[in-house]
Amino acid sequence: MPDSRKARRIADPGLQPERTSLAWFRTMLGYGALMALAIKHNWHQAGMLFWISIGILAIVALILWHYTRNRNLMDVTNSDFSQFHVVRDKFLISLAVLSLAILFAVTHIHQLIVFIERVA
């Protein structure tokens, strides 16, 4: 069994590299679609905090794109999972997804409050 990930992929590619690549690409597309929806539905009532969060989310989307692009270029060693930049990228991806979910939750809760006030 070859030691490097790239050599193993060349020796027996299987479907795992393709599935992983497609999963990251699907994550990036879904993330982009959610960002577009956030801008579409909230631009009219957006304050400075909204635009700052959209800017941060766009930066993290670029990091996600960079991370998925570099997955095919790197060889994985045992220390790669403890290196700072790898852990940072994964943390920022998770943080971006969480913050986008919170943004949508707050927006929907606000809409529910407005609806309940109109009904009452």
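From the backbone N, Cα and C atoms, a Cβ is placed for every residue, glycine too.
Relative to the membrane, Gly47 and Glu117 are recorded by Swiss-Prot on the same side. Mean pLDDT of the predicted structure over the topological domain 'Periplasmic' (40-48): 72. DSSP places the residues of the topological domain 'Periplasmic' (114-120) in helix, strand and coil in these numbers: 6 helix, 0 strand, 1 coil.
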